[in-house]
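Since the structure comes first, as structure tokens, the remarks are kept for the end.
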Amino acid sequence: MIIRSPEPEVKILVDRDPIKTSFEEWAKPGHFSRTIAKGPDTTTWIWNLHADAHDFDSHTSDLEEISRKVFSAHFGQLSIIFLWLSGMYFHGARFSNYEAWLSDPTHIGPSAQVVWPIVGQEILNGDVGGGFRGIQITSGFFQIWRASGITSELQLYCTAIGALVFAALMLFAGWFHYHKAAPKLAWFQDVESMLNHHLAGLLGLGSLSWAGHQVHVSLPINQFLNAGVDPKEIPLPHEFILNRDLLAQLYPSFAEGATPFFTLNWSKYSEFLTFRGGLDPVTGGLWLTDIAHHHLAIAILFLLAGHMYRTNWGIGHGLKDILEAHKGPFTGQGHKGLYEILTTSWHAQLSLNLAMLGSLTIVVAHHMYSMPPYPYLATDYATQLSLFTHHMWIGGFLIVGAAAHAAIFMVRDYDPTNRYNDLLDRVLRHRDAIISHLNWVCIFLGFHSFGLYIHNDTMSALGRPQDMFSDTAIQLQPVFAQWIQNTHALAPGVTAPGETASTSLTWGGGELVTVGGKVALLPIPLGTADFLVHHIHAFTIHVTVLILLKGVLFARSSRLIPDKANLGFRFPCDGPGRGGTCQVSAWDHVFLGLFWMYNAISVVIFHFSWKMQSDVWGSISDQGVVTHITGGNFAQSSITINGWLRDFLWAQASQVIQSYGSSLSAYGLFFLGAHFVWAFSLMFLFSGRGYWQELIESIVWAHNKLKVAPATQPRALSIVQGRAVGVTHYLLGGIATTWAFFLARIIAVG
């Protein structure tokens, strides 16, 4: 008699038709909340409607229902992303000079927007070269399209239609997985399955398919383009895929097919999977064969990683076990209980993801210029500056978001009763030590970094250049950074034997790459000026962290307000009758953190913009002499505050200020308008609620006199609403001002 183990029963992971689709309900504003659904009594109603529409925690306390709403919303988000992408590709297909740019990327600028002449604004259509008039774009899409092997506007058009189909599909999926087949809570909490699928599927197969596309489509097409073949003469992508002989003409080892792979003779593939380092001298971008190799390697790693976790079969890691095994000599219970936190609090999960993704986005910003991945990207200075600035801002916002959701987790999801002596509890118990030390670090960095500048301004004002901190007087060389640069410059042939050049030209080593008479990249010298501004970076980053971390660690309680958790995530003050307790909510810390994030990122992008114009970007003469855009003035000018104001902000603002009457005039208008938006924010930040309520009541009196008073009572913004409106306009105005300043400058001189 054979005893079989009982067959595991198949788990039912979805509920069928849980919630009916009702247009009547959707049409009712505030249907998710009993209070808001009643309709407006006062104008505060519209603010509450916006504040709570996506705060799913406030609609219900059922974790399964919250999870389904978040999951469904993600499909809506993906749908919008596909719609946006489709629009980008459609503009490339319908309104752009892509084919002209492809034939001569060094002399023709990218443009995908032509302004219609309605009130004379066709002045904005500048001459981008090749007889095309339009607005110069700085998104880098042209460079990506070339790298992926797109050779005609018809291909862009087809891709745009494909993206629309996917947008519709995602919209349908969002509806289907909420109204027709909604996953159960257990499905959302099955982290091992999620990790396996995300690692092996999204990252593994995603990278593998991209590597395949690069080898079979991008590489051959780019090889033809680099050789100067007319895009119309190049075979179409499907011809390369279906006809191996075509590829074998370019890469002879293709004739052998998969034999070298199975016989472990992998070096045969080194024609199209390379490890060269450095930049392709024709395009100024990374070698596309290096990139294909990289994606293949990444794919292997993630396909392996996607088989690491224990699911239906009893092998592999369990995440709970891994976390609970993490105990050090100083960490008490270690990560015990972390598994439960991350599977029951999506805020905690989101917080970690935002912190990682924000940091990664900033890493991307730094790699886009130091290892420019796409052809002709490095010499398109406006695009380089835009990509750096964009990724820095996005990274900053994501990191502040991480702190926001960590604080929401602390207020709404943290259960102190069953958390004892684990890592989080231990951090909370010595939060005073953490915050006071961090505060000391901020004061130290602030006084010393700013003090160096003040010293230099004073010496400069007194006419004592020999007593300044500079490369020509008292040197403060960044010796550690220079050592790291040098190590990387020496790496090829030593630590990485197969490599012919270092990972980035910025490390050093002497060689520079120029494309079409413009510098793509060269070794970036670091000196006293960089040492000074890097300490300002350290200062602003630490202050941002201080504010955000204080908000998280004191979100539930503090000496001032021991019962803070009961007041919620955002509240103006601890009730009337307790003075000095305003602006202590977790939300207020996020609010204040945003201003310091703005400070920090502004200094970074100013540093980048000036440093690149001074020491990297420029033109090269026939004799090989490089002339930089601002003639290398960074090292001597940026060491005083006065220098930053005079030689960077003022000197480089001339293009945007003098843009009227030219194709850059829109930037001049934006520069003006965004300053106005920024100034408008101060009205919300520097005035009180009572002032406005008094004003409103006299205006209501006038309406009553004329018998035109509205049924909905006007109310002044609450304290929190006023600060939210204020910080929004502050950031929007500041970012748009910087954008206009940067682009008018770099399009004019780059």
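Note that Cβ sites are derived from N, Cα and C of the backbone, with glycine treated the same way.
Taken straight from Swiss-Prot:
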- 70-93: transmembrane segment (TRANSMEM)
- 156-179: transmembrane segment (TRANSMEM)
- 195-219: transmembrane segment (TRANSMEM)
- 291-309: transmembrane segment (TRANSMEM)
- 346-369: transmembrane segment (TRANSMEM)
- 385-411: transmembrane segment (TRANSMEM)
- 433-455: transmembrane segment (TRANSMEM)
- 531-549: transmembrane segment (TRANSMEM)
- Cys573, Cys582: [4Fe-4S] cluster binding site (BINDING)
- 589-610: transmembrane segment (TRANSMEM)
- 664-686: transmembrane segment (TRANSMEM)
- His675: chlorophyll a' binding site (BINDING)
- Met683, Tyr691: chlorophyll a binding site (BINDING)
- Trp692: phylloquinone binding site (BINDING)
- 724-744: transmembrane segment (TRANSMEM)
Candidate nearest Met683 (chlorophyll a binding site) in space, where candidates are the binding-site residues Cys573, Cys582, His675, Trp692 and distance is Cα-Cα: Trp692
Position of peak Cβ density within 10 Å, selected from the binding-site residues Cys573, Cys582, Met683: Cys573
Long-range Cβ neighbours of the transmembrane segment (531-549) (under 8 Å; 6 or more residues past either end): 399-400, 403, 434-435, 438-439, 441-442, 445-446, 448-450, 452-453, 456, 469, 476-478, 481, 589-590, 592-593, 596-597, 599-600, 603-604, 607, 638-639
Distance from Tyr691 (chlorophyll a binding site) back to His675 (chlorophyll a' binding site), taken between C-alpha atoms, in Å: 25
Conformational class of Met683 (chlorophyll a binding site) under the three-state DSSP mapping: helix
Candidate with the highest Cβ count within 10 Å, taken from the binding-site residues Tyr691, Trp692: Trp692
Top partner of the transmembrane segment (724-744) among 70-93, 291-309, 385-411, 433-455, 589-610 - counted as Cβ pairs under 8 Å: 589-610
Recorded stretch that, among 70-93, 291-309, 346-369, 385-411, 433-455, has the most CB pairs under 8 Å to the transmembrane segment (589-610): 385-411
Structural state of His675 (chlorophyll a' binding site), classified by DSSP into three states: helix
Contact ranking winner - 291-309, 346-369, 433-455 against the transmembrane segment (385-411), Cβ under 8 Å: 346-369
